[in-house]
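K.L.:
Please find one structure pasted underneath; my questions will follow.
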Amino acid sequence: STMRKRKTTDSPRSSTDESEGKEKLRLKQEVGLISGVSLIAGTMIGSGIFMSPEWVLHHMGSPASSLLIWAACGILAMFGALSYAELGTIIKESGGEYIYILRIFGSFPAFLFAYTSVILVRPAGLAAVCLSFAEYAVAPFYPGCSSPQIVIKCAAAACIVLLTIINCLNVRLATSIMNVFTAAKLLALLVIVVGGLVLLARGQTQSFHNAFENTTAGIGPVGVAFYQGLWSYDGWNNLNYVTEELKKPEVTLPRAVMIAIPLVTCLYLLVNMSYLAAMTPSELLSSGAVAVTWGDKVLGSWAWLMSLSVALSTFGSSNGTFFSGGRVCYIAAREGHMPDILSMAHVRCLTPSPALLFTSAMSLIMIISGNFTTIVNFFSFIAWFFYGMTISGLLYLKIKKPEMPRSYKVPIIIPIIVLVAAVYLVLAPIIDQPQFEILYIILFIFSGTVLYFPLVHFKRHPRFLQRITLHLQLFLEVAPTTRDAN
């Protein structure tokens with residue numbers, strides 16, 4: 001059949017499987033500690049830190065309160081990642097939220113997550129980051145005027161095609177590129193940090209006088225400010241999507257989280273202080289691109305370095321998003337929730353190329369249509385809805401099944417704090433400023449029901465799909481894979 005029913009228990013391969021005399025096809029374990037840190041930090045540091053500070057300041061009203069939001073977002077991301085690290089040592093499978101929801105809550109909610117993530121969230125997020133990359137990459141060719149939309153879209157599409165080729169050819173190549181671009185973007189942020197420290201040492205501290213003046217205290221504005229800040233921290237959970245490709249996941253996963261997220265949080269705080277040292281709050285609010293304005297004020301004739309840095313940063317971030325996003329599609333197909341062809345890997349490259357190609361195609365559609373601004377605005381709403389569900393699953397395992405073997409544990413108060421934050425982030429915009437777009441998103445999530453019951457639950461598959469799968473398998477040179485339970 002085109003979709004296959006899988007066991008929902010996390011069981012290792014039996015001895016009979018090992019004695020079949022066949023070589024099992026599976027993804028390689030190529031991601032070590034350095035690559036793990038690069039995947040987390042490299043995906044988190046995208047366009048957000050170069051674009052979001054003005055919006056956090058806009059919603060919070062004062063420099064000090066905006067810095068508190070950035071710190072709180074970092075702590076929340078850290079708590080969430082530590083909770084996910086425990087889940088990753090209990091359920092040692094790739095797929096992130098999808099596989100955790102599947103193993104804890106069952107098939108139906110896991111399908112809704114996969115359906116929403118694969119069709120909407122991941123492609124939209126990738127398209128948005130690639131468009132940010134394209135905007136900065138083509139800007140030097142159009143000095144003094146805005147770049148044509150057709151050029152930006154073509155550059156973004158070329159970026160996605162290039163990422164597809166890289167990720168389909170070799171996992172090691174993709175992770176090497178991730179490491180190089182992470183180093184480049186960290187260097188760019190360090191330039192901003194050092195520039196800011198020099199300005200502060202020279203006494204440019206006017207932005208920090210009466211730093212809490214005009215602070216906003218409403219539930220809605222604080223929630224939206226959190227959304228803007230958390231967009232810059234998005235990617236804290238990316239290592240959980242590739243657990244089966246980690247070397248020693250029970251050690252690598254918690255260590256990579258403990259290194260990457262505090263590093264990014266400290267950098268974000270220092271970069272925001274540097275922005276405020278170079279600009280007054282009103283100048284920062286009127287800036288279209290904060291990093292470029294900072295470069296004009298501090299670097300002078302070297303200001304072009306900031307445009308280059310943002311382009312490099314967003315390219316590296318889109319590579320990390322693509323690397324992990326393709327795995328969600330691959331794992332969902334392997335569990336029978338997506339067409340069978342998407343669960344296969346290339347017989348020589350050992351990469352989930354059909355899933356990557358599908359993610360690429362959906363992202364290209366988003367870029368061509370260009371109507372995804374609303375999707376990006378409500379990205380955090382969908383994300384934190386499912387983060388909350390996943391964290392509640394961890395609390396269930398900690399309370400009801402404490403005997404389950406796990407090599408890493410977090411204090412129960414940490415997932416409780418993350419769950420409370422998730423509930424707040426989902427409900428705050430609905431209570432404060434209810435909008436029809438949120439209703440559309442909820443309807444889209446539950447529209448998956450129409451597909452789930454005939455195709456997954458009752459397994460009613462048209463016969464022609466099996467023939468299409470066979471032809472695609474031959475054309476793409478792919479074969480079914482086995483789950484590595486580590």
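Heads up, the Cβ atoms here are built off N, Cα and C, so glycines get one too.
Note that the structure is predicted; figures quoted are calculated from it, not measured.
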K.L.:
Taking 221-239, 354-372 as the choices, which stretch does TrEMBL tie to transmembrane segment?
P.N.:
354-372
K.L.:
Check the transmembrane segment (31-52) against each of 97-118, 256-278, 298-317, 354-372, 437-458 and return whichever range has the most CB pairs under 8 Å.
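P.N.:
The stretch with the most close Cβ contacts to the transmembrane segment (31-52) is 256-278.
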K.L.:
Hey, which of 97-118, 180-201, 378-397, 437-458 has the most Cβ-Cβ pairs under 8 Å against the transmembrane segment (409-431)?
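P.N.:
Between the candidates 97-118, 180-201, 378-397, 437-458, the best contact partner of the transmembrane segment (409-431) is 378-397.
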K.L.:
Decide whether the stretches the transmembrane segment (378-397) and the transmembrane segment (154-174) have at least 3 CB pairs under 8 angstroms, with pairs required to be 6 or more apart in sequence.
P.N.:
no
K.L.:
Using Cβ atoms and a strict cutoff of less than 8 Å, what residues sit near the transmembrane segment (354-372) while being 6 or more residues removed from its termini?
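P.N.:
Result: 118-119, 122-124, 126-128, 130-131, 149, 153, 156-157, 160-161, 163-164, 167-168, 322, 325-327, 329-330, 333, 341-344, 472, 476, 478.
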